[in-house]
């Protein structure tokens, strides 16, 4: 945002608006999980069908793997700063990486070290990491505010930081701010999409409302504010605008290799490494593990899915995402396009189409009489909405990926608001398709209720024996559902 030409207060306004808009979407999409105790892969079946849900779940798993790699590279950069602060000669080791890689051998070594540190964290079940997450909630603010205060001090106080004007004017500034808002919102769409995963563990449905409506956006807003000020302080310190906070720490070592500076950066970088380890496992490896388990339950569990996520995180070469702030912004934009077209129909299905009515047993049964079997297990309404939401952003998306592809200014503007256009168009198209061709379970009244006929599911596909009825597939489906809840 700062490198795009916005002033610090304009960037902060964008952050506040962007993360505030995410709160209601989080609550709306998390509601089925909070009320019925079901996770994202199950909730997604209501919208896309028992078998049609495979693609959205795979899409979400892929995004979690990519985002894991991006966060892991950031953690690796922190490892680089830590090692360099202790042993300055680390920055001078021979670089055997080609220039096209946009990185160096030292950074690759640091990334591998972070990757190795992630192995034991991914191995341990999430609920057993409770105290480590509580420690993260303490360590994160300490090191964040430490770098915040240090940057202001090195910049000569808040005056030089706050006095930097915007370099944009008129419509250019307006659209830059809208793009920044969209980037903030897109950054959160991974959590919006799989919000049922976390809400399903809530003790009461209401417990999943206020933390997601206020606490989560507020936390991201505060963190972003620290990043904005730290980035703004780079200009008075170094004479250039640096958008990457870790690069700022690295530049501190370039300009000032004193023992005090090195000691301070050892403390701060170690704290950031710890925070990144815990953040990555909670936000990405667990999510990818859950999604991959739903896709391949016979072969993958959550732990194996987490390790597969780590492997993909290397293969996708995350360092290429950090070439520039525009590259990173383009990634966030495309990220929002793909996931908004999944979240939009999910919200519309629960709140506008079925209005809280569900049949949980049908989520785990392949019976053709089930609500979510649709046509051969695929809900064409969900895919019509998905395609419509993606299609409206496709021209701008192609231009963002390859600027050589010329598109009109309107297409670029629409893509700037991709999270809004993707969510809004896909939700609207899904609702209209359901009005034209009502799916099973469509309701005119709102009531959060499970309408499952469990007895029929337990009797389903039973075969008579001399001793009565023996249960097989039907009762197994029900047992899976009960265990999931």
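In case you wondered, yes, glycine gets a Cβ from its N, Cα and C as well.
What TrEMBL records for 476-485 is compositional bias 'Polar residues'.
According to TrEMBL, the region 'Disordered' annotation covers 461-485.
Under the heading transmembrane segment, TrEMBL lists 6-28 (among others). Same-chain residues lying 6+ beyond the ends of the transmembrane segment (6-28) with a Cβ under 8 Å from its Cβ atoms: 161-162, 164-166, 168, 173, 176-177, 180-185, 187-189, 191-192, 195, 208-209, 212-214, 216-218, 220-221, 224-225, 228-229, 232, 343, 347, 350-351, 423.
Only residues 6 or more beyond the boundaries of the transmembrane segment (35-55), in the same chain, are considered here, and those with a CB under 8 A from a CB of the stretch are 193-197, 200, 205, 290-291, 294-295, 342, 345-346, 349-350, 354, 356, 358, 360, 363-364, 366, 370-379, 382-383, 386, 430, 448, 450, 484-485. According to TrEMBL, the transmembrane segment annotation covers 35-55 (among others).
Here TrEMBL flags 61-83 (among others) as transmembrane segment.
Sequence annotations record features per position, and here TrEMBL assigns transmembrane segment to 104-125 (among others).
Residues or ranges marked as transmembrane segment in TrEMBL: 131-153 (among others).
Residues or ranges marked as transmembrane segment in TrEMBL: 174-193 (among others).
Beyond its flanks by at least six residues, the transmembrane segment (213-233) meets 1-3, 8, 11-12, 15-16, 19-20, 22-24, 26-27, 144-145, 147-148, 151-152, 154-155, 160-162, 164, 184, 187-188, 191, 241-243, 245, 248 of its own chain at Cβ-Cβ distances under 8 Å. According to TrEMBL, the feature transmembrane segment maps to 213-233 (among others).
Annotation comment: TrEMBL describes 263-282 (among others) as transmembrane segment.
Long-range contacts of the transmembrane segment (302-320) within its own chain (CB-CB distance under 8 A, at least 6 residues past either end) are made by residues 61-62, 64-66, 68-70, 72-73, 101-103, 107, 111, 115, 118-119, 122-123, 125, 281, 284-286, 288-293, 327. Annotation source TrEMBL lists transmembrane segment at 302-320 (among others).
The transmembrane segment annotation in TrEMBL covers 332-353 (among others). Counting residues 6+ beyond its ends, the transmembrane segment (332-353) has Cβ neighbours under 8 Å at 25, 28-29, 31-32, 43-44, 46-48, 56, 59-60, 63, 66-67, 179, 182-183, 185-187, 189-190, 192-193, 381-382, 385-386, 389-390, 393, 397, 400-401, 415-416, 418-419, 422-428, 430-431, 434, 439, 442-443 in the same chain.
Residues 48, 52, 56, 330, 333-334, 337-338, 340-342, 344-345, 348, 408, 411-416, 418, 421-423, 425-427, 429-430, 433 of the same chain sit 6 or more residues outside the transmembrane segment (383-402) yet have a Cβ under 8 Å from a Cβ within it. Summarising the annotation, TrEMBL assigns transmembrane segment to 383-402 (among others).
According to TrEMBL, the transmembrane segment annotation covers 414-432 (among others). Within the chain, the transmembrane segment (414-432) has long-range Cβ neighbours (under 8 A, six or more residues past its boundaries) at 25, 47, 175, 178-179, 182, 185-186, 189, 333, 336-337, 340-345, 347-349, 352-353, 381-382, 384-386, 388-390, 392-393, 395-397, 399-400.
Counting residues 6+ beyond its ends, the transmembrane segment (104-125) has Cβ neighbours under 8 Å at 72-73, 75-80, 83-84, 90-91, 93-97, 273, 276-278, 280-281, 285, 303, 306-307, 310, 313-314, 319 in the same chain.
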